[in-house]
Amino acid sequence: MAEDGRGEEKGVNVVAVKKAKQGGFRTMPFILANDFCDRLATVGFSSNLITYLTLQLHLPLVDASNTLTNFHGTANLTPLVGGLIADSFAGRFWTITFGSVIYQLGMVFLTLSAALPSLRPPPCAKHAADCQRASSSQIAVLYVSLLFTSIGAGGTRPCVMAFGADQLELDAHGRRGGGGKGPKWSFFNLYFFGIELAKLTAVTAVVYIQENVGWGWGLGVPTIAMFAAVIAFVSGYSLYVRMPPGGSPLVRLAQVATAAFKKRKAVMPEPSRLYEDKVLDAGISTTGRLLHTDQLKFFDKAAIVTDGDVQPSGEPKLWRLSTVHRVEELKSILRMLPIWAAGILLVTSASHNSSFAIQQARTMDRDITPHFKIPPASMLIFTNLAMLLTLAFYDRVLVRVLRRFTGRPNGITHLQRAGVGMTIAMLANAVAAVVERRRKSVAAASGMLDAPKGTSLPISVFWLVPQYAIHGVADAFMDVGRMEFLYDQAPESMRSTAAALYWLTMSIGSYLGTLLVTIIHAKTQRSGQWLQDNLNRAKLDNYYWLVFGLQGLNLIYYFVCVRYYTFKPLETVRPEEVELYRVNGNEDDNKKGGSLK
């Protein structure tokens, strides 16, 4: 027995030493460099895609806008599949790697479509009223390229954030890169700071190349950046903490729902008599098991032990019997969904920044010097700058001030932070409506309501700065708060899937933007189109006010959801138990009933 004890202790020490050499902030350059180049590539072509579609492929504004939002919708839908693959069997590292390679292929195809004359229509004559629209085959090449980038994004987007946070996650011994909540939440701020820095580079340098050098080089630079992203990420392989996948989370959720339905007529016992199995749950609860909650009690029936639920070997039949931890996993996801849904309309309300607002900028005076005009898509720089400055101010100043009043390490809760962002976002659309009315009044006063394409109105493009900047401030609160909430409240084994929910919000919000634009375009044809190619005759300000009203209703809904939300209760396991599970995984006396105490 003594020898067994020494062997057990040695096994624990080997695991601990291996962990000490992995993870921590030293992995951040590899992970963040990958994400920086990834976002540089993504934003480098998507931020100015509306220009490419209207001026290079000669698509009508509404068609181009819908193509753009549909692309964003698809690119943000695939992360749900990627997150499930990572959590189920592939793991986050390999999901990111293969996703990056597929994304790289899409960027290569997209660059070729812009560089080869045969893959785009001939240039439009100056001030021509009608231009030759891209053919079906040329549009098909574009769609295939965008499809590859969308599939690749499904591998990277849900996993990079969770993979980075894994490197700083506190393990049962209190190690791993000096982790803990402080560094972990700082990572989210650092992550979004890096994203905005990449966006800033994209909407300045890359957009300038697209507008002044050519689309071949304008898309070639992001393609090269994506190649550098893959190399940077794979280079850090030996340093990463690679959390093993815990099996398909969807299967576990389905097992709980099925078991609960089968026992829907069973009488509920005391919560202490519900089924628990520490060994079975060890791989999906390394930072602690979820405790029983009194909400959604129907699903508790899945943990009632009845005849025939346990095999002769003592293993439970998982389609008939679930542990309390697994039941609470399903409850956690269901409790999150109403708050998660509140983010959908936020994406819809901001989708016009990469379509209509850019077209507004194209009609305005963009002269910086006699020889330089700011590219319309580069107006996004003010959103990026505002978010960068707000993130830095929040992390270095505001958190410290708020901490004195709230006593919380991160100043305010994730839900409070997201609520502040949602409120600020409403102001951005109100400002956008006022500025658009001003722009149209200048067009009318100057007799330029029907001015040909390419004609600039005598009003500075910098009138658009406030709406872009306010969106940036709102995003600094809203996006980080929502991601922190999803990561913190999701079950440990479903964090890639939870991150995918963030991108799924983007997807549904983008599709909803397409639907909203399509409906408005159809319903306003008789009374004067709100959205048309000639923005001087359009009623875009009405569209902004409509979105403002929808945001107000959404904010009320969000506050109601937050009022009744219950945070997940987590029980922390003892360090020696976690390690023994990982080394041996066969402690029979830990099965069925009771808690780790």
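The backbone N, Cα and C atoms fix where each Cβ goes, glycine too.
For 93-116, 190-209, 215-240, 333-354, 374-394, 415-435, 455-478, 499-522, 542-560, the entry in TrEMBL reads transmembrane segment.
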>> Take the C-beta pairs under 8 A between the transmembrane segment (215-240) and each of 93-116, 190-209, 499-522, 542-560. Which stretch has the highest count?
In response: 93-116
> For the transmembrane segment (374-394) against the transmembrane segment (190-209), do we get 3 or more Cβ-Cβ pairs below 8 Å once near-sequence pairs (under 6 apart) are dropped?
Replying inline: yes
> Are there residues at least 6 beyond the ends of the transmembrane segment (499-522) whose Cβ is under 8 Å from a Cβ of it, and what are they?
Replying inline: 62, 65-66, 69-70, 72-77, 79-84, 153, 157-159, 161-162, 336, 340, 343-348, 351-352, 482-483, 486-487, 490, 529-531, 543, 546-547
> Which stretch from 190-209, 333-354, 415-435, 455-478 shares the most C-beta pairs under 8 Å with the transmembrane segment (542-560)?
Replying inline: 415-435
>> Considering only Cβ pairs within less than 8 angstroms, which of the stretches 190-209, 333-354, 415-435 has the most against the transmembrane segment (455-478)?
In response: 415-435
>> How about long-range neighbours of the transmembrane segment (333-354): same chain, 6 or more residues beyond its ends, C-beta under 8 Å?
In response: 46-47, 49-50, 68-69, 72, 253, 295-296, 377, 380, 383, 415, 418, 422, 425, 428-429, 432, 468, 471, 475, 478, 482, 485-486, 489-491, 494, 498, 501-502, 505-506, 508-510, 512-513, 516, 543-544, 547, 550-551, 554, 557-558, 561-562, 565-566, 568
